[in-house]
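Notes follow once the structure below has been shown.
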Amino acid sequence: MRRLPLHYRDLIALSVPIAGIQFAQIALTTTDLMMMGLIGTQALAAGGLALLLHNQCRTMCVGMVTGVGNLIATSIGRSESRAEGGMPDAIAREDIRDLVRSALLLATLAALAAGGLLAGLGEWLRFLGQDAAVVALARPMTIALAPGLLPTVWLNVLRQFAVGMRRPGSLLGVTVVSIAVNALLNAVFIHGWLGMPRLGLTGVALSTTLVQAWTFLVYLRAVRRDADLGHLVCLAFWRAKPSTVLKIARMGAPISLAYGLEAAVASVASVLMGGFGPVLLAASNVVNQLGKIVYQINVGLSHGASIMVSRAVGRGRHEEIGAIARAALVSCFAPMAVIGLACLLAPRLVLSPFLGGTRADPAVVAMATSLLWFGVGNQFLSGSQNICIGLLRGLGNTASGLANTVIGYGFIGLPAMLLCSHGLGGGGEGVWLGTCIAFGATSLLLWRRFTADVAQLPHARPAPEPPG
């Protein structure tokens, strides 16, 4: 670790705890998908579809408050420029408290709206060409998952606060416990143990919601007990300044829409896969979940790089931004290569936890193995576009991130998915090829925008060319 250049060390130190928190979130749905695989192919198809819709709403809610970390990091950078000290001065401390309570208010409003939308989306699935039995199973799941959006988004406000303070902490211990608790509650609610009603798939959603609330409370307790962070956490969101709420919303709305478009690619892909039958949908859900697990590494790197760029901007150190960008991309591609190689060399071993082991449907296994090749390609392409979005967010340019994702996903990616799957007869493989095109095009557009923005900064060196 000490042999690595400084920017790499700082990035890894900041990103690993963030990725740990991300894994805490994704561990819940991963456990859910494993339990669904034990129930059967139809349950796996319906449950995976409900989780994707939940992810769509969750991602957009999280996007609304993601910019808080950058605003806090910029405030800290200005404080360091004023006082040349490690701790925030009085101006920065009050600014941070105001940002936290305003973000909590915005998060609450966003989660309530998204929860209502998620519950309603289950009713609309039957109009999107989905199998009737799949819709009947997915609808109650979306309703049970909706309340969990509140603690999930509150947790992300606290996470952005801690990240902006460069003290993200680690939830790896909580992750392990949450996996075990979620698996136990899944079994209790699915099978009706301990006198509980037998809820089946709906029980999976209920246990996830309960564990999300527990994870938030655990992290809140950890932050409040931190000597450096506790006095800066203000939960009195009713005291939020309207001007601060609007400032966060103006920065967060483009992020939310960009995140939503990214998640929509997976959601639309699942709807298209569902049109080809439950087997293809189940296989796609498994590969998609594997990709989401790996993706959390890139989310951590993206947030870490974004905060480092914001801090550099706040301190007026524009010449550091290019080196931060290179460190982020190299740190993204290296683990993706190792993980991708493992997936391609031992696909059945990688897929077996999600497919019920020896009870797995051979048709689902065969299709998932085929789709895994596209999943590996997506690891690189989706990861690089997330890094680029984070770099732009660090510069404060969230509007350009949204504009380029609209072009990449909406005008290039979605038509490519339809063309490859239906126009060219590629079926399920065509859907996944279209997603690769979507993420690849978006990555190139975002990187071009970032390099142009860096070149316009005063006394800044040009951003380096992306490695590879």
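Don't overthink the numbers, they just go from 1 along the chain as shown.
Every residue, even glycine, has its Cβ placed from backbone N, Cα and C.
As recorded in TrEMBL, the features of this protein are as follows:
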TRANSMEM  12-28  transmembrane segment
TRANSMEM  34-54  transmembrane segment
TRANSMEM  103-125  transmembrane segment
TRANSMEM  137-158  transmembrane segment
TRANSMEM  170-193  transmembrane segment
TRANSMEM  199-220  transmembrane segment
TRANSMEM  257-281  transmembrane segment
TRANSMEM  293-313  transmembrane segment
TRANSMEM  325-351  transmembrane segment
TRANSMEM  363-381  transmembrane segment
TRANSMEM  402-424  transmembrane segment
TRANSMEM  430-447  transmembrane segment
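Using the rule of three or more Cβ pairs under 8 Å, pairs at least 6 apart in sequence, the transmembrane segment (293-313) is not in contact with the transmembrane segment (137-158). Residues 254-255, 257-258, 261-262, 264-265, 268-269, 272, 385, 389, 430-431, 433-435, 437-439, 441-443, 445-446, 449 of the same chain lie 6 or more positions beyond the ends of the transmembrane segment (402-424) yet place their CB under 8 Å from a CB of it.
Long-range Cβ contacts of the transmembrane segment (199-220) within its own chain (Cβ-Cβ under 8 Å, at least 6 residues beyond either end) map to 21, 24-25, 28-29, 32, 35-36, 39, 43, 46-47, 50, 137-138, 140-145, 147-148, 151-152, 154-155, 158-159, 169, 171, 174, 178, 181-182, 185-186, 188-190, 192. No contact links the transmembrane segment (257-281) to the transmembrane segment (103-125), because fewer than 3 Cβ pairs that are 6 or more residues apart lie under 8 A. When each of the listed stretches 12-28, 34-54, 137-158, 325-351 is scored by C-beta pairs under 8 angstroms to the transmembrane segment (103-125), 137-158 comes out highest.
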